[in-house]
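This report concerns only the one structure given below.
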Ligand SMILES: Nc1ncnc2c1ncn2[C@@H]1O[C@H](COP(=O)(O)OP(=O)(O)O)[C@@H](O)[C@H]1O
Ligand SMILES: [Mg+2]
């Protein structure tokens, strides 16, 4: 395979061989490299990708989280005129996604998912380099709407809305008050790595930063409803520690995600 790399990345990868890739969602290419007992992941994003800025946020958040929480260690971040590159160490373990498809029961998955979120939301926010504010997300959503969005996975009750009508719905649900913590920002099963039944690290933190905790809770609710089953939501809320879920916010952030 031909993969053109900037000099610094080439240097860092001397003696490594490529084991996997490219793979990845939304136009990001992910490659896995190995040398003896070392494993690295390289993320490569084209500058024309609408989410290009998220790779630099990922780099900044990873650097900031170093020593505070289990995250990949950044080896190199590099921008060229047509691509951005992030080379990092691998977190040992399996994604929760993989565990779910392999062996774990729904109960175990939901427990780990809720416990992990509690840990992430407990990270102290002082000095955090990124903020995920509703206003800014709404502006971006509007931009993405113009570029074209895919609403195929949208819930049935919104199926007959046009993207613009959905955007108006989103505006009408905007929370009056935020409950800000450190959020992951894309809290999906394939973005947390589990080892020995415990969270061993978080990855894909390009939307992480200070934000409303319901941004993560909403994606968790959507993923549990969609992949595991509605009946597991109570256990999730119990373990996370919410007695009265704010369904308005959950709806707001689920719809928001449709634009991303
Ligand atoms: N540092 C890492 N450690 C372990 N696994 C990783 C790492 N980076 C990426 N992966 C694997 O690659 C997949 C995609 O990487 P991710 O950063 O989530 O990209 P995407 O933006 O495409 O979701 C992850 O779900 C995980 O399986
Ligand atoms: Mg991911």
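The backbone N, Cα and C atoms fix where each Cβ goes, glycine too.
Unlike curated records, TrEMBL annotations are generated automatically.
Some features that TrEMBL has for this protein:
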type	residues	note
DOMAIN	22-253	domain 'Aminoglycoside phosphotransferase'
ACT_SITE	186	active site, proton acceptor
BINDING	191, 204	Mg(2+) binding site
Worksheet, complete the sentence: Near ligand 1 by the Cβ criterion (under 6 Å), the recorded positions from 186, 191, 204 are 191, 204
Discussion item. Between the residue listed as 'active site, proton acceptor' and residue 204 (Mg(2+) binding site), how many Å separate their Cα atoms?
Written reply: 8
Worksheet entry | Set of same-chain residues at least 6 away whose C-beta sits under 8 angstroms from residue 204 (Mg(2+) binding site) | 58, 186, 190, 191
